[in-house]
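Remarks on the structure that follows.
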């Protein structure tokens with residue numbers, strides 16, 4: 001009987017040298033006896049492994065060889081006097097083209113930290129030492145030559161699989177490719193990942209059901225593989241998947257890696273059956289290297305050091321069970337000596353690697369710079385994609401449109417055909433104040449959808465797909481028609497039913513001011529979404545901020561009655577409600593006459609303490625300027641958001 005993990009290989013010395021012609025996994029049929037009737041079945045032999053060579057059809061451009069030596073990572077202490085915590089200590093290894101390197105270990109061992117370190121994605125408060133080489137040089141990869149698939153599948157739920165990949169193709173691929181070529185390439189990548197049947201299925205999210213978790217993971221991989229990156233980082237690619245889905249995802253990845261000559265580094269927590277697909281193994285425990293090499297070397301290494309793998313047991317389970325000190329005190333006690341031996345083995349491996357033929361391959365020239373899509377191409381693709389998302393996401397604008405329409409109809413019927421008596425003055429003011437408060441307050445309802453967009457933006461920005469400018473402009477352009485529909489139709493209903501001051505310029509000003517106010521509130525929510533991405537917390541903060549602005553916006557107390565410290569200076573003048581409601585008052589009462597002619601519209605404005613030194617159009621311009629200021633704040637804050645968010649989470 002051929003065991004899954006043979007023992008008894010503890011004689012002789014272990015050769016830790018790595019040459020270019022060894023070690024790649026393969027299956028072979030073996031006879032396995034069964035207590036209830038024996039038979040023949042295919043078993044996986046993890047003992048025989050040889051190097052995977054890139055397919056002859058692989059690209060001609062240089063492959064990526066990644067090496068790292070004596071890498072240490074420390075995190076700043078929680079307090080000012082706390083000493084830094086060491087997360088990784090003296091990690092050495094390499095990843096080669098055409099194969100998959102698996103970083104494994106128990107929870108908290110530093111897998112994701114090592115992956116982020118190699119990908120250049122260490123967060124704030126983290127520092128590293130050591131040498132990381134790409135093709136023998138300390139240089140960053142150019143755009144399109146590396147990609148990072150995060151553990152979370154951050155995708156737009158309203159897009160289909162085809163659309164998600166197609167829009168990403170427009171963001172990443174050069175302008176020298178035609179639209180049909182980009183579409184063909186996107187569909188080719190989708191088929192490679194086994195998503196042909198789900199190509200026109202929506203991804204789905206919190207409201208609508210869509211593709212499965214394994215398919216979402218493959219869509220995330222498709223997006224990052226559009227440029228055919230020579231180096232691909234995967235953080236927990238099998239997280240949340242069952243064994244069948246995990247094997248399916250990893251088998252597709254390894255086949256593409258072998259065919260394209262790609263270099264793949266994956267952090268895996270529970271490998272299970274996919275362990276047979278890996279070509280190299282980096283085993284971590286408590287931030288230290290327990291083993292680095294091939295699967296065959298790992299099995300022999302554990303056997304030589306007193307931890308032989310039992311028969312018919314998956315080696316990955318044996319490795320992780322041996323070095324996991326959380327549940328087995330005996331293994332903890334035994335593994336202390338084993339770790340010392342492992343440290344010696346790591347030194348031997350590192351020394352042997354320096355003189356191996358594989359080390360010479362790290363001297364290849366750096367990857368050629370690849371052309372990115374132009375600014376206009378990315379802006380157009382982002383605008384189209386965002387427009388599709390806004391059209392399909394009911395929570396973005398359509399629900400608010402329905403609420404606005406119902407609210408304006410209700411207000412219009414309650415205040416139907418306001419007359420020109422003196423009593424109508426207060427009625428007109430009430431209509432204006434209610435609509436200003438209600439519509440602007442309801443504008444925060446789109447925060448959850450926008451927060452989802454921010455998550456997608458962060459992922460794509462880290463991968464270098466586009467910048468903040470493209471995102472900001474595209475969001476503004478794509479939102480314009482939806483905001484217009486959301487304001488013009490309800491606004492026209494309200495204006496017609498209530499009988500406010502008629503006139504083309506009056507109606508245009510009313511609608512334009514509502515439009516700018518909604519855009520301004522959305523700009524504020526953009527800033528909040530960067531700092532506080534949590535749905536509930538963001539809505540609470542947005543509502544609270546609006547409430548504070550309303551108290552000094554001229555709704556409840558006249559400007560001269562506000563306490564001068566704080567509430568009038570400066571809060572009254574930085575509240576956009578002031579400029580909105582005063583502009584509406586000017587639009588309604590300037591030139592207005594009443595039935596008994598005892599009071600004029602100008603006198604009404606004076607009694608409301610409206611500033612008459614400038615026209616209503618200046619009020620509109622100020623509102624527009626404030627919207628731009630908040631969007632510029634978003635532009636500035638996004639640059640440091642990665643450092644602010646973790647601190648806020650700690651405080652909250």
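In case you wondered, yes, glycine gets a Cβ from its N, Cα and C as well.
As stated in TrEMBL, the feature transmembrane segment covers range 617-638 out of the listed 595-616, 617-638. Of all ranges given (362-382, 509-529), TrEMBL attaches the label transmembrane segment to 509-529. The listed stretches are 397-419, 431-451, 471-497; of these, 431-451 has the most Cβ pairs under 8 Å to the transmembrane segment (535-558). With pairs at least 6 apart in sequence, the transmembrane segment (471-497) and the transmembrane segment (397-419) have 3 or more Cβ pairs within the 8 Å limit; the two touch. If one looks beyond the transmembrane segment (431-451) by at least 6 residues along the same chain, the residues whose Cβ comes under 8 Å of a Cβ in the stretch are 390, 393, 395-397, 399-400, 403-404, 407-408, 411, 415, 418, 487, 494, 498, 500, 514, 517-518, 520-522, 525-526, 528-529, 533-535, 538-539, 542-543, 546, 550, 555, 577, 580-581, 584-585, 588. Beyond its flanks by at least six residues, the transmembrane segment (471-497) meets 379, 382-384, 386-387, 390-391, 396-397, 400-401, 404-405, 407-409, 411-413, 415-417, 431, 435, 439, 453, 457, 461, 507, 510-511, 514-515, 518-519, 522, 526, 631, 634-635 of its own chain at Cβ-Cβ distances under 8 Å. Per-residue pLDDT, averaged over the domain 'ABC transporter' (66-311), rounds to 81.
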